[in-house]
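Take a look at the structure below.
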Amino acid sequence: MPGRSTVPRGRPLAVQVQDAELHHHVELYVPLPLLLRLDVLPFLMLYSTLSMCNCQAREGQGFVVAIALVFFLHALAFFSSEWSVAIKVWNAYTKISMSTDVLKTCAFPHGVVVMIDPVSSSLAKELCLLHWNSDTAHVDAKASVAIPRVWFSYQKLRFCVYATMDDDEDGATMVFHRLSYPTTHALQYYTQHTGYHSLAELNAASARWQDNEFDIPMPEFWELLKQHLVAPFFVFQFFCMLLWCLDEYMYYSLLTLGMLVLFECTLVKQRQQNMGLLRQMRRPPVRMLVYRQKTWIEIQSRSLVPGDICSIGRPKPIHRGQDMSEHVIPCDMLVLHGGCVVNEAMLSGESIPLRKEMLDVSQYDADTVFNMDENVATVKKHILYGGTKVLQFTAANSAIHASSIPDPPDKGCIAFVLRTGFGTTQGNLMRTILFSAQRVTANNMESMLFILCLLCFALVASGMVLHQGLQDPTRNTFKLFLHCVMIITSVVPPELPMELSLAVTNSLLSLSKRNIFCTEPFRIPFAGKVDVVCFDKTGTLTSDALEMHGVAGLLATSVVPLDNPVQLVAPTALPTSVQLILAGCHSLMVVDGKVLGDPLETTILSHVKWNLRPGDVLVPHWSFSPGPKSMKIVHRYAFSSELKRMSSIVVVEAPTTSSTGMSSASSSVKLLSKGAPEVMESLFETIPHYYTKVYTHYAMKGCRVLALGSKSLSTRDLQRFKTIARSKMETDLVFGGFVVLDCPLKPDTADVILHLNKSNHKLVMITGDNALTACDVATQIQLTAAHPRTLVLQRTLPSSSTLAWVDLLTPPRVQEASPPPIAFTSETVASLAISATLCVPGDVLSILTLSQLQVVACHARVFARTSPAQKEMIVDALNQSGLITAMCGDGTNDVGALKRAHVGISIINTPDDDHRPSPSSSSPHPHVVKFGDASIASPFTSKQPSIHATAQILCQGRCTLVTTVQMYKILGINCLISAYVLSSLYMHGVKQGDAQMTVVGVVIALFFLFLSYATPLDRLSARRPLTRVFCASVLVSISGQFAVHLMTLAAALHVVALPYVDLDDPAMHPEAKFRPNVLNSIVFVVSLHMQINTFVANYHVCSLPPQ
């Protein structure tokens, strides 16, 4: 191959990329010289050869055809490089081989590129320019931070080979890794880190991670327009217009070309406005304190690098007039000392404030590794995500945390910088929004196959014209070939890419008007194909407006006389010990004088009549006599989805009276705990005999039940309780009863579930709640079929791996004795699902094999007591079974499952003042999603506090599918009609007039415009839409309609028109100037009516009629 490079001295060097999203094997290429390119050199030789042949030949007509053909092939080769990265590499680049010496010396050739081939088809294949730094050796000698020696950037992510990279066994592989951040060290690394101590380390860190900002350059108008003008369909359309011009269709060609250019200019302007909106989302940098070289200094937030120690206090503006009303975290950080209260609505959409606590190594095992990606559920409570708002911060106190880092001057909390720029969680969301706009289209592969089928018909029609024309010696060969090419191109609908794009874009517009926002538009067609819809329960199916019924499970005392432990005790009549648990075991906070936090905890606190004050101090509404006067929370063990419980250590102040009658205050320390009854059971010192009976009684009624426990601690050395492992603290608790809360269904939950059941979607509930509660809620909303019994999969013995189906919910009056357990086998699951509702608790999922899990996932309707990881596992099992899944959750504990599903939908339960229409919905370009509208959890985010959004998204997905198939049918039939009309007229020496073609073009464009405003039905039909064009019904429909049109055209041509045509008329000659006649007029009128009829016949006002 020309320009092939030689292999330098040393061993051959292989190149790989280690990343889950990219194929491992990659190649390096360098650009060829201009004259050696395959889209230049061969065609120069052909042009020269044809010119010499033309000089020797007397006939010039063949030369014109030949030179036109070569020019067409040259243009095709040139533009193919713009359409395909692989073809561009083949035409303009040559692969190079390198040795290990090149890596050591960084002696790379100029212009080296890496061809990146992503694993997912939703990501674009790109040529990425290779960068290298040969000056890293002297920096690394003084710094502990590895600097990339070689790197490339793909979609704002850097992939690097580090200067400190170790050679493999052969020393012959250069492996690129995604730019890494300090997020996988042992916990002690972060607590012992004291920032950068030398300028060399700081320079190395800056060289490795660069500036902490979102670099989004604004592209020029002409640069974007060039990208649009070299797109495949536009080039093809432009080529067609040139052909029409050569056949004297000037007005039609200019009108069509003007419309196309105007449309592309509109898209370019829209892209510029979208890019402007993305740039406006970036927060301006601020001045903040950073601990560098053993002192606190003030820098701009854009200069932060991972490994910095900074203070989250009051930031300062960089320039006068800068808006400082909101304190936004500039990057991902780990809280080391102090604490923060933040609002993560800009990332997750949830507006409930969250408490971020300092990292306490003593609460974790000695070998625990901080992994921000894999252990996110465990360490999330310590992480400040970039883009979130700081509502409150607690100052670090060196007297308490005993750190070598002094307290910052601004009295802020101390944090470790984890990730910056596009590496942050916010940066990942920005990348998703930025690059998803390039994928707003329907199925490109199917459209290409459809066009190929139409081309087969066009080739037959043009072949007949060519065969007849070559038999006429007076026929102009150039015009003959021109007409044949025009027949072939007529079957490629120029509106196809525009209409397929509008099908998705209009869906985005419709969803945004309903406060539903999408960051991955290519998933909209998946919504129309969904087979299984999975729902979380708490906060999704049920409301956050909880109601506390009371506390059950208490023994009769003089204070609380009870006849039965199942009896409920009102919150205000509870014993003091139980009130302390309810009032002191929570994660609530006071922000601007308001108590904020989990709705469940705010409900409990309001019912027990205790007031929360700043500083985690609680006081009762009234004075107990005798009783506590106040309570202060000194430490929390935060709620964990895996542990299913939370605890707090409190100091209770109570008045005492001495023997002399003097009043004084005494304090006591208690550990207060609450959690799932099944989990808490093993933590109690003594378990009442009625324990299981009481909580199952209320769980079967659909209530939320939490077990309460407490124990007294010594007041000596209070601080040491913070250093004892949580598992040792939460033992030997005294049972305090069950708090029973009612979780009412959201008003429209039952209606939506009924709607989805009628539309033949399989519905599944995946919840962290109790199995009995989940089954009761599923029955209330009719999520499951009206089966007489519900079977729960359980272990036959507590420590056994043998499973059996147990009927726990059948009322005693139905059968006197409990039915025997049914042994679990994969073969019997399907038959059991026909006669019973199957419920699978999370604790048995680990016992199931992958094949068993897939069988169970396909037939069970309720999954209970599941952790976030188990939710993800269930959705993945459904995917592997070949089903298209949708997951609807709250975007917090369901993140993994939402991302794993084909259609993930976050339901954001925001306060009432947040339910107003989003600014995005009134924007002229609403498919540009803004922070706060989007969620890092899922592709779809709904600001409606209702699962009705799920039905709307599924409706919109079906509408997109129906519209797409409708477009294919209309365009296909009309193109076949056009091809037949052109071939028939050309065979009789007649063509259509310029004015006629212009009228047809305008009419068809208006019909397509009206068609693009189609809206989905309000309710889903039980009949699924067609998901593919290549299915029997669509092909038979197209063939049948075209057969009718073909017979009508043939009859109009041969029976009506030809008898009245004078074959000796000069206007009938193929080379004559156009003049209307009977044949031309009849064919024009009939074909125009046929094309209009195609719209009328194939557009269905009710595309999927209710069954």
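The backbone N, Cα and C atoms fix where each Cβ goes, and this holds for glycine too.
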Check your understanding: If you check TrEMBL, which stretch out of 250-268, 573-591 is marked transmembrane segment?
Key -> 250-268
Review point. Helix, strand, coil residue numbers for the domain 'P5A-ATPase transmembrane helical hairpin' (32-95) per DSSP?
Key: 50 helix, 3 strand, 11 coil
Practice item. State the residues, same chain only, that lie 6 or more residues beyond the ends of the transmembrane segment (250-268) and have a CB under 8 A from a CB inside it; answer 'none' if no residue qualifies. Key: 221, 224-225, 228-229, 234, 237-238, 241-242, 244, 494, 498, 994-995, 997-998, 1001-1002, 1005
Point to revise | Across the domain 'P-type ATPase A' (287-430), average pLDDT on the 0 to 100 scale | key: 83
**Study point:** For the domain 'P-type ATPase A' (287-430), the number of residues DSSP places in helix, strand and coil
**Key:** 30 helix, 49 strand, 65 coil
